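Participant: Let me begin by handing over the structure; questions about it come next.
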Amino acid sequence: LFDGIYPFYLQQRKHFVFDVSTIIVIIVFLTFAATFLLIIPGIRGRARLYWVFRVLLSLVVGVVIVAVQFTGDWESGWVTANTSYKSFSTVMVKADIGLHVGLAGVNVTLVGNPVNQVNETIDYNEHFAWSFDADYDHSYSEGLEKGLPSPILYVAEKFTTESPCNMHRQYRISGHYASATLWVAFCTWLISNMLFSMPVLIYGGYMVLTTGAFMIFSLLSFSTVRNSLICPIQFGTASLLIDYGGSFWLTLVIGLLCFVAGIAIVVLHYFNPDLLKTFFDLHEVRTEDCQEMTEVYINPQFMSNTQ
């Protein structure tokens, strides 16, 4: 203790939307996209546009499915309030307090308004994980030992296993099921790409529909937390309210896009297969395969032997 107050120590910060895993995923898919763009000049005619559209659309779906696993803004909320800054102290500060919920944990943000107050720079962003290989209560205990600001500890305490709010169990289970469902969607996305390359277009369309369905299932799984009572997070008269964030809505948009693409492929397969083959650059190949033989070669020796 320092004059009866816990000292503040620096803690490794984590961005509340992007982290290293998300950046790695984006870089990998951008590398795939750049590699494909290098071979685009080798594709002739209008098929080049079709290839660009199909490949880039497929990469967008894949990168979203993987990236949202690591983002921290499935639910987000901010509030501006006058609150105590340190434990066992009556000093009040005006700050913006944010809560950002992801599939693997929560980020609590505290930014002073203004940033410099009480002779300190108030700019914190702390991550508390609840994934299978992480112990949320241990992370919270470390925050207590390091002397994190009171608003951060107050919000983080709502998600501990010992809290009567029971928010830890609700968000942890729904996040795990949502993450597992998204990984299944990623597998069906891979299978759809393999079916399109074989090519078996109708089954590829079915797998695109399945990918969209599993993405919607992940949203439904995460949304189950809304069916239970959520403890209020109060800072005086101000309440910290959270709502669906960018990752949730992005997953919804891509899931609906998969539904539209899958339905379009199935409809074209039954009502306009030629257009579908042209879009997948298969029409000319099938024509050449089905072309009748124009010349016949006969072995004279074989014919004389048969006679």
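We count from 1, first residue shown onward.
Including glycine, each Cβ sits where the backbone N, Cα and C put it.
Below are the features listed in TrEMBL for this protein:
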- 20-39: transmembrane segment (TRANSMEM)
- 51-70: transmembrane segment (TRANSMEM)
- 177-196: transmembrane segment (TRANSMEM)
- 203-222: transmembrane segment (TRANSMEM)
- 248-271: transmembrane segment (TRANSMEM)
Participant: May I ask which of the stretches 51-70, 177-196, 203-222, 248-271 has the most CB pairs under 8 A with the transmembrane segment (20-39)?
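Facilitator: Answer is 51-70, with the largest number of Cβ pairs below 8 Å.
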Participant: What residues in the same chain, six or more past the boundaries of the transmembrane segment (51-70), come closer than 8 Å to it by Cβ-Cβ distance?
Facilitator: 19, 21-22, 25-26, 29, 32-33, 36, 40, 43, 102-104, 179, 182-183, 185-186, 189, 193, 196, 211, 215, 247, 250-251, 254, 257-258, 261, 279-281
